[in-house]
Each structure stands twice: as C-alpha cells, then as structure tokens.
Amino acid sequence: MLLSSRIRHHPHQLTPSSPPAICPSLNLRRLRPLRPPTLASANTPPPSPLQFSFPLPRRQWRGGTSGLVRDAVLELRPIEADVGSVTAGGKKKKSFWGAVSLIIGTAVGPGMLGLPSATIRSGQAPSAAAILLSWAYVVSSIVLVAELSFSAMERDGVDEVSFTGLASSTLGADLGALVAVVYAALSFSLLVACVAGIGSLVSQLFPMVNPVMANALFPCFAGVLIAFFPFKAVDAANRALCGLMLVSITALVVTGVSVGRSSLLRSLGYACWSPGAILPAIPVTVLTLGFHVITPFICKIVGDSVYDARRAILIGGAVPLAMVLSWNAVILGLASAGGNAGIGDPIKLLLSVNPAALPAVRGFAFAALATSLIGYAVSFPKQLSDTVELIVQRFSPKHGSVQHSNLSSGYRRNWVVLTWTVLIVPIFIASFFSAAFSRALDFAGVYANCFLFGILPPVMAWIHRSQKRKRSPDSCEDILPGGNAALFILFSIAMVLAVWH
C-alpha cells in the first residue's frame, strides 16, 4: 500500500530507501488498466524486483550497475546533449555553420588559381556555362553521398560512416575492398598534396628553414588542434582560414578589376562554343569544386537529417562557385587586354600587371591548402579505420563480427594515434620526394573524377533506392530531384569523363 501510494502521487521520486515490493499487491493489479498503452499488458507476468512497472523518462542507461535502484534517480542529460555528441575523439555538438565552413574550405583548392588556363580558349560565356554545369554535377553527386550516409547512419545506429562502408554495404564486400584501397590512396594523396603545397609556401617565405620543418609546421599545428582540442577550436581555426581565403580572393579580384575594368567588358564579346574548347575546363572545375571526401564527416556534424546536409551543401558550395566565377572572369579579361590568348599561368599574368598582388596570392594559396588539409585530416582517420577493418574481415571471415566490434572500439581508443599517423607520414613523403605535389594531384584528379565520385555515387544510390522500395513500396526519395533519370544522367557524365581521361 505504501509503494502504490507513493507511485500514485510521486512516480519519479523512488529512492533506495523505498525498494519495490517483491510481490505485486491487489492495488497494483487494479492500477494496471491505467497504464500507458506502451507498457506490458495485464497478461504478462509480474515484473521482477529489478524492473519498474511505472513510466520513467527515457534515457541511456550507464555502466554495469543497472541492478541497483539508485540508477533510477541519476541526473538526466538533456536530449540536445545526446544529439550533440558526435566524434570518436570527443563529444561535440552539431554545428551547421561549422559544416558549411568545412565545405567552403575543402571545396576551394589551389587548383582554382590555375583554372583560367583551361577556360581561356572558350571565353567568358562558354567557360561560365561549363563551370555552372560542373558545379551542378558535383553538388548532385555529393547530395547522393549524403543521402547514402544518413541512411547508413540510421540503419546501423552509428554517428559516423565512411565512403568505404557505404560502398561495402551497397556493392558487396569484394568491390567494397577495392573501393576501400582506392579511396584510402586518394585521401592520402590529397593529404600529401596539401602538406607539400603548404611546405613550399613556408619555404618561399623562410628560405633558411629546413624542408622537413617547413612541411611539418602546419600539419603539426592541425594535429594538435584536432586531437587534443574540442571541435569548437577546430571550427574556429577553419573559419579564420576561410576568412583569410575570402579576403585574399577578394583582393585578387579587386586588383584585376582595377587594372582591366574596360577589358572585362570587351572580353565578353569573344566566345568559342566548340567542344574542344569547353571540355578541358570540366575536369579541372569538378576537381576544384568537389568535396566528396569530407561528405560523410559533414553528415556527422551538420544536423539530424539529410535535409540539413543538403542545405549545407548548397550554401557551402555556392561560395566556392562565386569565387571561381569571379576569378575566372577577371583573369580572362586581363588576358584579352594583353593580347595573351594562349597564356599558361594566370598568376604570372596577374603579377605582371600588379606585383603588389603577390601577398594576396600567397594568402589565398595557404588558406586554400590549410582548410583542405583540416577537412581531410578530420575525415581520413575514420576512412583508414574502416579500410583496415574491411581487410581484416576479408582475411578472417569467421570472426567478422568480432573483428568489426574490436576495430570499432579500437578506433575510438586510438583516434589520436590515427590522426597523427595520417599527418606525419605525408610530411616525410613531401619532404623527400620533390614531385609529390604534382603527382598526388594527378592521381587524385583521375580517380576522383572518373571512378570514386563520378561513377559510384549514382550506382550506389540506385541500388539503395531499389532495395528500399522492395522493403517499403510507399517510400519515395526526393533528396535529389529527377529520380532514376537524374541518376542515369550523372552516371553518363561520369562515363564520358572517364573515357576522355
């Protein structure tokens, strides 16, 4: 009677001094019809002494003391705190604008500075059309990766996935193993390119610095920031670098406009719409504006639905698009003013008309490389862990689930070690191989455009949607408009790029 009275008046104030009765009383039997519909029916056996027959607030139970009644009065964490914990390196809150800043920083690479070399033959209007179409193609493919990432996160109940995991779950373990190796090599080559590029800039500013030290300065700073500081610190550093990049590119555009404002209008009159003049700009633009590598990590921090990711992708991708269009227009205008239709280096062209633009060029190049390095460094450890896990499972099929469990927990424990590993190895490669930057970019351009981020996303999305329709025929996918027709167009474009390469 005391227990039933306490439950009736104070259902959430059960304390260790008032343990539940071993045998349910008649009053408790009479209270059963008043229980919420989600509780057990009256035909179920009475609850054991370690279970509660009254509703409690939902929470995640902790530790191995679930047999003690004192767990019932532990302080509850707000729901937002549970939603906000994301990464294996520490609990971080969801950050929509942090995801946008990562997209801006990673999407804009130093390849943008050399883009006018590929568009100068076609002219202003055709090159702008090619850039817009390339951007639409890149963003559509990235939205598909975000759709697959959120579906896998919801299906597996995890906070983060990798491109390797997506490929393995949709294409099978055999092809997934191939994708894992190629994708890991791609991510690693991009890291090497970023480290080598930043080291080259540091060596230009400080010629007396040892090459290894020049290559190691910023990666070590990024490693300390990512491994030992909360995500707010990483986000703040990335946003500062994005600000430097925006200021630098604005200064370059303003310099170009001030020098050749009249030639910009005259350059609009030249246009060559032949495929041979337009097509060379598409692969460079796709590589410049793409950020597939960090898309699974973006889905991890952006919010609670794929619609948040799509909004971040559109907002974050629009800023690099505006930067690329303005930079391309200014350089083409300067080239037409000087009569250098076949000029090969836009940076030399800009510096020839105004040498004071050199600090802005260096500032943009450093910020573009540094933000890209941060984006790759926060996403590659998970990719590397999943790649090793997949290889181990292929060699130990009988213990696949055990290996999966052990490696997942190992990733959480050794996240700091993985982060430093993916940063230290590129430092030595960039220091002792002089051609590391160009060769890494060549490798990344071929595989990123032709296979991993061109052909695979529409194929995986088609398989995923087909499987989902079989499970629930009423489900409809509207993340990327167009249905299977849009997937076929993306696949066809990727195949054309692959053949052309």
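Cβ coordinates are placed from backbone N, Cα and C, and glycine is handled just like the others.
Quick look at what TrEMBL lists:
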- 1-12: compositional bias 'Basic residues' (COMPBIAS)
- 1-21: region 'Disordered' (REGION)
- 36-55: region 'Disordered' (REGION)
- 96-115: transmembrane segment (TRANSMEM)
- 127-146: transmembrane segment (TRANSMEM)
- 175-202: transmembrane segment (TRANSMEM)
- 208-228: transmembrane segment (TRANSMEM)
- 240-257: transmembrane segment (TRANSMEM)
- 277-299: transmembrane segment (TRANSMEM)
- 311-336: transmembrane segment (TRANSMEM)
- 356-378: transmembrane segment (TRANSMEM)
- 415-437: transmembrane segment (TRANSMEM)
- 443-463: transmembrane segment (TRANSMEM)
- 483-500: transmembrane segment (TRANSMEM)
For the transmembrane segment (208-228): best-contacting stretch of 96-115, 240-257, 356-378, 415-437, 483-500, by Cβ pairs under 8 Å: 415-437
Close approaches to the transmembrane segment (96-115) from elsewhere in its chain (Cβ under 8 angstroms; 6 or more beyond its ends): 197, 231, 235, 238-239, 241-242, 245, 281, 284-285, 287-291, 293-294, 297-298, 301-303, 308-309, 311-313, 315-317, 319-320, 323-324, 327-328, 345-347, 361, 364-365, 367-372, 374-376, 378, 441
Whether the transmembrane segment (240-257) meets the transmembrane segment (483-500): three or more C-beta pairs under 8 angstroms: no
Top Cβ-contact partner of the transmembrane segment (277-299) among 127-146, 311-336, 356-378, 483-500 (pairs under 8 Å): 127-146
Chain residues in Cβ proximity to the transmembrane segment (483-500) (below 8 Å; excluding those fewer than six residues from its ends, i.e. six or more beyond): 137, 140-141, 144, 279, 282-283, 286, 449-451, 454-455, 457-459, 461-462, 465, 477
